[in-house]
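So the structure is just underneath, and the comments pick up after that.
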């Protein structure tokens, strides 16, 4: 289980890549969005190290053991053996096709819902689409796990994988495309208990291809103001974006590897957060109320939006670009990250408290992955898929993580046959 150890995976994607060696690529190829001072960069690393040390120290200590031990009594919630129910598999596949096509032909599928967020309110139907999309990933993971372990349902597995990959490309999210291949990599490892290096290479190649497709597509949408509302029109936008991007890359001689590596880092962004707060301070309503976002996390998790019209949304990256970079409303965004959010909440104390919470979530995930029950392992993988990221603010990170945990528990209970040891 070592390659999907929660603390290792999270450390790579939340610390090493955003604040480590990819920073060199960003500065070497000139792909720099912000130009903070060296003092601000040094201060940023102090907060990053505070979060990293808190995360690892609390994770390796016995701090959470009493709570985790008390949670073992809920192990009966999880199915023991990997036997997939075909009926529910077909249901989730069909539901995803219907709902995704509905979003595509309404012009609000995937990244379009983010870019043109002002034109679209989040409703109950959107939440259903979100749940079904998550379930589709779970179905593909289960079918892959079952195929690699028992050589069953090969055709169904290939169909489900192809369907998921097709929709992820149309959605225009780089991480989602790569995650489709990572799902297969993890399923293969769980089934065979060994690393498939060929699949690992394919995951890396998919990352490069995803950047080559998605970035031009998103930039083309922003500048053309086009709203594609069919499969063919989405592919037209992707093609046009790639065509324009290739001309730019050819003229500037920027390699796709440099572009990929430069996209990982968020250190300059964190440094500019520090400069902004020290120079101007945070003032409401000009700036978001980060403390309010922080202490209302439990309410954000359980209170639906129709009961709470002003419920916080994950648009901090858009706010930052609009108010501090472009000076006007922009559809562009940036990865805010837990460290940046916590710093803007109440400095170093928030960073320590926040990463204690993240450490507990990762420890809980580890307990699920090592439980020996297939249902718990499935839940742990779904849970981990929301915990390793450095994209969203801390409030969104925690809310999404716990939601994925709940979704995983319900999903494994529905789709796996309850066969006991």
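In case you wondered, yes, glycine gets a Cβ from its N, Cα and C as well.
Note that the structure is a prediction, hence the values are computed from the model and not measured.
According to TrEMBL, the protein has these features:
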- 7-25: transmembrane segment (TRANSMEM)
- 45-69: transmembrane segment (TRANSMEM)
- 90-116: transmembrane segment (TRANSMEM)
- 128-145: transmembrane segment (TRANSMEM)
- 157-189: transmembrane segment (TRANSMEM)
- 195-214: transmembrane segment (TRANSMEM)
- 341-362: transmembrane segment (TRANSMEM)
- 402-420: transmembrane segment (TRANSMEM)
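Sequence-remote contacts of a segment are chain residues at least 6 beyond its ends whose Cβ falls under 8 Å from one of its Cβ atoms, and for the transmembrane segment (7-25) they are 31, 44-45, 48, 51-52, 55-56, 59, 258, 261-262, 264-268, 270, 335, 337-338, 358, 362, 366, 384, 387-390. Here the transmembrane segment (341-362) does not touch the transmembrane segment (90-116). Their Cβ atoms form fewer than 3 pairs under 8 Å, with each pair 6 or more residues apart. Stretch with the largest number of CB pairs closer than 8 A to the transmembrane segment (402-420), among 45-69, 128-145, 195-214: 128-145.
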